[in-house]
């Protein structure tokens with residue numbers, strides 16, 4: 001590790017050769033290998049958020065395979081991480097993250113020491129420049145010129161090393177997951193706790209069918225044709241299934257909008273950097289994200305991404321918060337690694353429609369808005385007559401951005417299990433620190449009359465908190481509706497709240513042969 005004692009002397013007689021050992025040491029530290037673990041979602045996002053050094057011979061790894069540089073930088077509070085080392089370490093462990101905290105803190109110490117030395121040399125260079133003002137003996141001037149030249153050359157090298165060290169620190173630190181709410185259960189998915197249960201499993205006095213069989217008999221979808229056209233896990237919706245999708249979307253937007261949410265239809269292609277800033281992994285192994293070849297763009301897996309980016313690199317007025325959006329989009333997921341009977345049919349597909357809720361708010365209000373989001377979800381699904389349970393998800397099931405996450409799992413009798421139909425996450429300032437979204441607090445008192453012109457009132461800006469929640473994931477709800485409301489004659493009763501959005505249609509009946 002670099003220490004101040006190993007840095008340069010401030011002697012005026014410093015020569016270029018005096019700087020060589022330090023720069024060699026710095027470079028060796030930057031190139032030093034360190035243990036690599038299997039990446040978590042956040043670590044993979046950080047590792048893929050890089051671009052090669054295309055300048056020949058540039059960077060501290062000159063002559064090597066080329067340094068990597070982050071395409072974007074998060075505003076990470078390294079001092080807080082260092083001051084709370086034990087808590088951060090415990091959090092990384094409980095979330096099964098592969099973040100290397102020891103390396104991050106080692107790099108941070110190196111960064112502080114190197115930055116301090118760079119600042120000292122800059123001050124010396126400025127002092128030398130000031131000494132050269134006015135008339136001087138030629139020999140004194142020449143000595144000062146040589147000293148200034150040596151300082152400049154040394155600074156060039158150390159500043160290059162500082163840039164590379166900063167990049168490496170940023171990449172490693174981006175793999176650290178968000179903090180975790182103290183009430184979140186610790187452990188794997190099986191440790192998740194049921195927060196609420198609504199309704200009960202319906203009793204059938206006839207042999208039930210799964211949604212695939214029901215859809216075939218009602219002529220609602222065609223997986224075979226879609227497989228020929230697009231591949232597996234794609235589908236055509238047909239006839240009343242089209243009306244049902246549109247009804248679910250319009251009903252959800254209508255209901256959520258009444259809660260003060262602004263409706264949006266989002267872009268479905270976004271920059272890879274925005275995907276990464278939201279905590280997803282566009283180019284990691286087994287990624288769920290479709291990347292567009294030879295571009296910096298991806299297909300979205302959720303409207304959370306484009307809505308999260310809508311205020312990117314902005315300073316919002318406190319009076320405008322909370323900003324609440326309900327967004328409709330198509331979603332695209334590779335579903336890498338997903339297979340088996342439990343994922344058949346519409347349950348897990350590559351393309352689907354979804355209505356997503358998203359909130360930007362003040363930090364002290366994010367827990368309150370998280371409660372509102374989960375309440376909206378529960379009210380929506382209860383109004384459809386579904387049996388479901390709400391789970392407080394354990395640490396091992398939290399993605400890197402989530403501080404706390406509630407999932408709702410609904411009973412799907414044809415699949416003979418509960419299946420996830422929504423989630424609601426409080427991401428605190430994890431995403432806003434990456435997306436650069438702040439707000440300026442409203443001053444508690446009007447500024448004094450003699451306040452300096454242009455000085456911002458209300459104190460320093462703060463990062464907003466972001467939250468997201470599913471209102472409707474269309475295919476999963478179609479599964480629930482078909483399987484839970486099937487009748488012995490093969491028909492499906494449409495839940496009452498959806499009927500006005502389906503032209504008054506109450507029942508899906510088998511087609512007459």
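Glycine is no exception: its Cβ is also placed from the backbone N, Cα and C atoms.
Residue ranges 418-437, 438-457, 458-477 are listed, and TrEMBL annotates 438-457 among them as region 'Disordered'. Apart from 302, 333, 356, 468, the residues listed for L-serine, the same chain places the Cβ atoms of 300, 301, 303, 304, 305, 331, 354, 470 within 8 Å of the centroid of those Cβ atoms. Within 10 Å of the Cβ of residue 302 (L-serine binding site) there are 23 other Cβ atoms, across all protein chains. Rounded to a whole number, the distance between the Cα atoms of residue 356 (L-serine binding site) and residue 470 (site 'Important for serine binding') is 5 Å. Cα-Cα distance from residue 352 (ATP binding site) to residue 302 (L-serine binding site): 10 Å (rounded to the nearest whole number). One residue stands out among the binding-site residues 335, 356 for having the most other Cβ atoms within 10 Å of its Cβ: 356.
Pairwise Cα distances among 302, 333, 356, 468, the recorded L-serine-binding residues, top out at 18 Å.
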